[in-house]
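Working notes, beginning with the structure itself.
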Amino acid sequence: MTTTTTKEAPSPPLVHSVFRLGFRFVAHLFFREIQTTGTHLVPVSDPCIFIVGPHANQFVDGLCYISRNPRHSYALMASVSYDRPLIGHIGKILSAIPVVRPQDIVHLGQGSLVYNPNKEPLVLHGHGTRFTEQLGPRDFIIFGRNYKGHVSRIVSDTVLEITHAIPHAEAGTYSFKIAPHVDQTAVYEEVHAYLNNHECITVFPEGGSHDRPEMLPLKAGFAVMALGALAENPTLPLKIVPVGMNYFHPDRFRSRAVVSFGQPMTIEPEEVEKFKRGGKERREAVTRLLDRSDEAFRTVTTNAPDFDTLLIIHAARRLYQNRKLSIQQTVKLNCHFVSGWTKLKEDPKLENLARKVKLYNETLAFFGIRDHQVQRLDITPVRASMLLIKRLCTLALLGGLGAPAFISNLPLIWAIDYISKKKQREALAGSMVKIAGKDVLATWKIIVAGIAAPMLYGLYALIYLRHLVKRRPDLSTIHKLIRACMAWAVQPILYYVLLRLGDTGLDIYKSIKPLFLAVRNPDVGKLLKTMRKDLSKDVTAFVHEHSTIFLPDEPALKHDDTSIPSTSSSSSTSSSASLLQQQEYLPLQ
């Protein structure tokens, strides 16, 4: 049996540090802001398995995570990605561990099968099938609405048995797919070797990227790795660290993100003992560790049951908290609100509150403004007019500065949009879990920009060189080449400066619409502010009534006013109904 003494983690290879800086630079270009929370919780020298989720942004998740993790780690990477030309080369350089996923080698089965869950829940019958040739024990058979059966025994070419009844499956005849069992022994051995050397492993336990508002069920692989490592080496101080990837519009250029590191988990000795005994107890140990990991993820992620609920929860969080929060505090409060909302979803008071928040969102959408812009409506028409003129002039100035850069980058913008949307359609067609395939957009935007931008700027440099050849015969060839190279090198710097100015211009542009509304219809601001104030009181009262659920051990996040009474349920509803009936308040187009 291997024993391990206390020691420091090895220093990362130089090439890994270089790539980490490069990833940080790329993330800084794509995202307007990336913040990190909980890095002080990451063990300094203990071996760790980082479990990262939700996997909502394909390779950009890895880019952001690696650039923000204080520890160096070796990532598990799908073999299909490992074999790709660009991504695969980066994975090989960073010593990623390739993993063959069953979903990557799924293939169609011959014939059709019949399943009757009422009469024979553990038996599948085939018509024109060749089960003995195409299937083996431990394979998965997939049919219908993504029903999955785990093969336990092949009886004949037309009869097989599965380990468990398939929940919610309907009786019928189906075509089917086969997901072969993959022996991951070599992967586990490589992972254990890294962990025994006090190094770290990174796993995306959902198994693949997606764009769903809730996390997918965690795969058991990382739990088996952790329990297996401790079964071999009980003295190993192994920790499992949950990492939450929280995005504000993950597919959008210049959006925001937060990488949240959670409290490290220690594997309990009884779980390891159960795992070592095998059989049913082994499965129980793995399941228990998965359940604990799922709970740990809830402390660092916003995991709503559906997108509409997520919008309502985010609106309720904004209504509760009036004071300015950092982006880290915002994410933390979102997590608490999602958790509390899920636990109390059957409460009639919460259902009524959700209806009112939804109506408030619809009212804001009707007038074309956002919640944070409501406060700006509390302004006199004269003051609003002066501010509007000033900001329109500033916006025109920034637009004039940025217009040439925008026009010159139109070919790049078109290429990024066309290729990323094409890859989105391909990803959606090949997935059973994606909703719109938005999880691949940011990845392909970055890849296309990284390849096409230098080519486009090189083309402009060649055009400039041609101009010098024709118009400046007095310059030597060397001077012409130097000027052309300088033109190629200066363009990215210039466009970056204009990009930062564009961020400022976008903020100004977002303030124009509420100012127009304040000038044209001053009463709208008063009505919306009243509606928001009443609804904020209701949300605050409900949250404080259930503070142990919504704000567990978070006194710093509590609302300043803890004595706000709840308003009547008709207050904000009547305000919004009044607003929606006043067609003359439509915002300027």
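First residue shown is number 1, and so on along the chain.
Each residue, glycine too, has its Cβ placed from N, Cα and C.
Residues or ranges marked as compositional bias 'Low complexity' by TrEMBL: 563-578.
Annotation source TrEMBL lists compositional bias 'Polar residues' at 579-589.
The domain 'Phospholipid/glycerol acyltransferase' annotation in TrEMBL covers 49-248.
Taken from TrEMBL, the feature region 'Disordered' applies to 556-589.
Summarising the annotation, TrEMBL assigns transmembrane segment to 395-419 (among others). For the transmembrane segment (395-419), same-chain residues at least 6 beyond its ends with a Cβ under 8 Å from one of its own Cβ atoms are 444-445, 448-449, 452-453, 456, 460, 494-495, 498, 501-502, 504-505, 508-509, 512.
Positions annotated as transmembrane segment by TrEMBL: 440-461 (among others). Away from its own ends, the transmembrane segment (440-461) comes close to residues 26, 30, 57-60, 63, 86, 209, 250-253, 408-409, 411-412, 415-416, 419-421, 423-424, 427, 484-485, 487-488, 491-492 of its chain (Cβ-Cβ under 8 Å, at least six residues beyond either end).
On the 0 to 100 pLDDT scale, the domain 'Phospholipid/glycerol acyltransferase' (49-248) averages 92 in the predicted structure.
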